[in-house]
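Okay, so here's the structure we're looking at.
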């Protein structure tokens, strides 16, 4: 009874409560707060390996003059700008197609499209590497059906390598987004569509004027999640290009660059920390922008 | 039962404690040396052989050779050194020569100097140079990456070339032959991974230059050997006499499958070439082509690695003694690993044995080991510096633009800008 009566500010002084959350707080402090603060401190240091010195804003200045960083940033933004809209739109279209109750084999298609995102990142990258090899199955199929005359250098040409990464991540993540849309579509009242159909609204207009507006909160959610995922893109590029981000740095992402700075190059943990904070800032900015745009449209 | 346990618990506990401490004593006496390296058919197998030899004379020392992929060894080593927890590290680790200076300079005090123990005058000088910092020598020089031109005699014969035609080539002649081979046999001249700067490094070092000068400063725009090397690789790509490969296993596949007519790389590939028994007698080995510039030779190096002892190792003394006994003195050991694994060691005294004079039936009875050992002493010594990985990526980044007609000097300028950005 005494506990129940105590409320408001009094709760903060209850030592028992603090004892209960203390282990969790301790672990969070040790494994989250400490590394975050420490990496921020590290981003102001520079040097070879263990020989780190305080360098002020030297790492931030270095970012502007670093062609590889600029390249990695451009690539990451290219993936973001090209891949995320394609994937979101594709997932939306697939979701509304698979939401059709008259479609035969609905469960099969849903499973098939969702399956890629439960496969192992490494396994599918290795598979893609084999399929898109110079004399792999994709080139030989395209040649056999006469779409291309000579094999496409998927992995050794800067443009095609980037295209390959986009194809790979689209394959992997479209089904994941589609599931969110499918779940949201189940909550839309069928009668809305029926009314629209009776009024003679064509399918495409029903999609753009009913489905998309009603799914807006989910679209916002998936866009933010995809933004974070794309900016942290690492596994696919690492495995497809043997960790090099080639050819000619054409597929290098910010995460892969951080990896290179830490494990492949002369270890510079300070500069690597600075680059990782670039990702943090970008994700925060883009997520804010997306929330802002979505809010604007709601008025 | 409960009563029994209660009555005897103190005694059981005492017995357990006693046996545990007894075990601890014996464990402290038997020394186990943990070694990290890559390539089960080469480094791992050779290290196991070396360990077995040492255990014969030192029964108290045993070896635990751990096999990782090369990038995993490097990553684990770098993480372990950076974290400062010695427990996570092995006693001996294999490091590729290109990375040696990077580790030695960025983690000072992490590796044990062997200068006092090992007689370095017996080793190929360029191997010792890559492991020297401020007059102290770290590590035990191991295999050499002396390069050769492996070629398919059968394909070249079909194209009208004899083995004599493959001797003392220039790179321009090599490209001409490559065009002929493709016209006559439909086979590409070589496999090439455009993400791998290996070929540029081979050609550049054959003319006695590197990405960095002796002081470790970038040596790019004013480096005739690098310019010629980049130009040569550009020509090979424009002439389209290569089969593109993505990554190591893809590249290995270009010649194990019989799709290409030649391989230019380090001697350590011999085991992989010979792994295809149906290709026996079809291969020949020649010196690599040379550039037509001053200082050009037919000898170069690709890769090669050495053993390093961790300063923090509990078995440091044993590890050093082991390396010195086997890798520093055992001539017979070097004969065995050459015959079994194709390992050309860098201990010069080991080059005189019977194994080097043996003719290899796989190469049509040629004395290939003698050739490699002759070329080994001719490899120009260069300073690999600490930024070879960075430079390598900078060079490969410019290769596609070169084939699309970018002037070489512009490419060199871009390479220099990129490398300078990394040197802080």
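Using the three backbone atoms N, Cα and C, a Cβ is placed for every residue, glycine included.
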State the residue range annotated as transmembrane segment by TrEMBL; the candidates are A:159-183, A:184-208. A:159-183
Suppose you had to name the range TrEMBL annotates as transmembrane segment; which of A:44-64, A:107-127 would you pick? A:107-127
Contact count check, CB pairs under 8 angstroms to the transmembrane segment (A:269-293), set A:20-41, A:77-95, A:107-127, A:159-183; argmax is A:20-41
Range from A:20-41, A:77-95, A:214-234 with most C-beta pairs under 8 A to the transmembrane segment (A:159-183): A:77-95
